[in-house]
Amino acid sequence: YSACKSMTLHLLNFSSCPCPSIQTLNATTLPPPINPPSLGLSCFTMTLGGLSNLSALGILAKSYVRFRHRAKAPFLLLVGALLLTNLAGNLIPGAFALHLHLGRSRRPAGMFCQLFGASLVFFGLCPLLLGSAMAVERCMGITQPLLHSALITVAHMRLAVLLLSSLALLLAGLPLVDVGSYTAQFPGTWCFLTVHEPLSTADASLALTFSGLGLTALSLSLICNTLSGLALLQARLSSQGIRTNTTAPPGRYGRTSSSSSPLRSLDVEMMAQLTVITMVSCVCWSPFLFCRSGRGSSHTVRQSERLVLLGLRMATWNQILDPWVYILLRRAVLRRVFRVLQPDSRSTLTQSSSCSTASRRQGIGLH
């Protein structure tokens, strides 16, 4: 009886102690969750990207009608393929994200996760490959114009777009046939190739292939743009040297320079657009392509997951900024900006032309 009494007192004392509850333990041990993007922000980015790419496609259609039989047609075809890919890359993954916001399930799984991850891989890799194809096309057009006119045609560019799209589609479709896998990524609002969990050989190979293709495309674009820029600068300096050294009458050689200046201005316009597109792609995609899975403590893993999520959010802005680069860096827009920044230049040109005309008339009257 005394043993039972002492055991009862011990249990009463244990039950009266202030022990933490299960909810308190979860609240203290679990890290604070990251709030996913709100529904309004997702709708805003999706709408902005769609309208931007549609506007750029409308402007591109007018330019393609004008230059479809000239050397600019292959470049415009690649730009059109890039804008169409960006448009689909805004709408299709955005529709998956909206389904997660509006649906009951908060974490993607099953076939939904597989399709979501495949769309992100395809629409992420395809613009990078198309951007490198644009850089190669312009590099050949500027440095090797004869070879460009013989090899680079609209039909060849269509074949190149088909091959690059097939390569991106092949990589995106491998996890759908059990070569690698797509898993839900932190904070459970998107799916991608497995990068954080213990990786199998197929998962590691797919992740490295995606990063390798993306970085190779960016590196090739940078190299080709550098070569094209140096070629344009050399042509500019050589033309200025010829103008300063020649003593021929302006009536004979002025026509030749004026006829070549539109082609040169087209090259400068396309190179400016391509250079800025490459810079935007490097800034937006480099953090995501260099992300690696964190190992060690839970704090290190969670910090790595946050960095990957930040890289994804930066990469999504590439599809929004690309059409604005094409819209703003056109000759018509740049001329208007130049007139606004230097309003006295036009009046100075008109005064100089009128003075030269008056001097010519005076010289004729003296003769």
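Heads up, the Cβ atoms here are built off N, Cα and C, so glycines get one too.
Automatic, uncurated: that is what TrEMBL annotation is.
Keep in mind the model is a prediction, meaning the values are calculated, not measured.
Cross-referencing 16-38, 39-61, 315-337 with TrEMBL places the feature transmembrane segment at 39-61.
Annotated by TrEMBL as transmembrane segment, the relevant range among 178-205, 206-233 is 206-233. Within the model, the domain 'G-protein coupled receptors family 1 profile' (52-326) carries an average pLDDT of 86. For the transmembrane segment (206-233), same-chain residues at least 6 beyond its ends with a Cβ under 8 Å from one of its own Cβ atoms are 121, 124-125, 128-129, 131-132, 134-136, 138-139, 142-143, 167, 171, 174-175, 179-180, 193-195, 199, 264, 267-268, 271, 274-275, 278, 281-282, 285-286, 289-290.
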